[in-house]
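Per TrEMBL, the features are:
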type	residues	note
DOMAIN	9-200	domain 'MHYT'
TRANSMEM	15-35	transmembrane segment
TRANSMEM	47-72	transmembrane segment
TRANSMEM	84-103	transmembrane segment
TRANSMEM	110-134	transmembrane segment
TRANSMEM	146-165	transmembrane segment
TRANSMEM	172-193	transmembrane segment
TRANSMEM	213-236	transmembrane segment
REGION	257-295	region 'Disordered'
Amino acid sequence: MAHIQHFEYGSITPALSYALSVLGSALGLVCAGRIRAARSAGQRTWWGLLAAWAIGGTAIWAMHFMAMLGFAVDGTRIRYDVPITAASTGIAVVAVGIGLAIVGTGRLNALRLVAGGLFTGLGVAAMHYTGMAAMRLDGTLGYDRIRVALSVLIAVVAATVALWLSMTVRRGLAIAASALVMGIAVNGMHFTGMSALSVHLHERRGQLAGTEVSGLLVPIVLAVIFGVVGLVYALLAAPTEDDRAGAAYLDARRGAERTAVASPEPAPDPVGLRGRSTLGQPGTPFPSRRGNPPR
């Protein structure tokens, strides 16, 4: 059995992977909050897609890839099958998107939450082991079934908690705290699954297919950067609930001002002269000095 290194570059890869999971979780929670405030089906779909990409693509898949940068097996090189690696990305994003659709359609209840968490958690686990299946090395991969089952359980519980948070958390500090917790859960699932792995080297070494991790690093890093920048731009450009409330207040105030200008109030009459005066009333003759000549 070959010796496996999970932290070949020290603490930098787990630290970066945790930071990515926290960042993606925070952006995803903010986008999920916009789903609840959306006024149309199109807006809900748009924010749901962004939340799925933030959580599934950044918090889960990008975290997995960053952690895999520190993975090494003594006695063999490691390459990755690009199509399978790309498929693992799609699995994570689609699983989170469907989970958000389940809990975000109609009123949130325990049945929806459990169903969404189960589907999303199994999807996250499928992403992890699909990504592992994309590895090409001079050996055979083996897994401890108990630890695999534990990693799947962690994924389901973490997904359920994440979906519940996405539908209930609204404010900044709560979002930040929730993102920290989600980051711990995602990393815990990943490294639990990695601890189940064993590698048995082949006696004969052949040519490895696939692409080295260095060849995937630049495009994946660029994709993550552009994805995060796009998410931040979308969040900053879209009006919030407070923005809409403020705009509605200003519109109502301008409308009241226009009504006041169009229908001015009569001048004040503090001593009641207007009520006692008969001028301008029907049947009241206009006073004239002809009937009363000066003396």
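Cβ coordinates are placed from backbone N, Cα and C, and glycine is handled just like the others.
Because TrEMBL annotations are produced automatically, they should be read as predictions rather than curated entries.
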Check your understanding: Cβ under 8 Å to the transmembrane segment (110-134), counting only same-chain residues 6 or more beyond its ends: which ones?
Key -> 56, 60-61, 64-65, 68, 80-81, 84-85, 87-89, 91-92, 94-96, 98-100, 102-103, 141, 148, 151-152, 155-164, 186, 189-190, 193, 197, 210
Check your understanding: Can you give the mean pLDDT for the domain 'MHYT' (9-200), rounded to a whole number?
Key -> 91
Point to revise | Stretch with greatest number of CB pairs under 8 Å, the transmembrane segment (15-35) reference, 84-103, 172-193, 213-236 candidates | key: 172-193
Check your understanding: Which bits of the chain, at least 6 residues beyond where the transmembrane segment (213-236) starts or stops, bring a Cβ under 8 A of a Cβ in it?
Key -> 20, 23, 27, 30-31, 34, 50, 53-54, 57-58, 62, 65, 68-69, 78-80, 82, 85
Check your understanding: Under an 8 Å Cβ to Cβ limit, what residues of the same chain, 6 or more beyond the ends of the transmembrane segment (172-193), are close to it?
Key -> 6, 14, 17-19, 21-23, 25-26, 29-30, 33, 59-60, 63-64, 67, 124-125, 128-129, 132, 147-148, 150-151, 154-155, 157-158, 161-162, 165
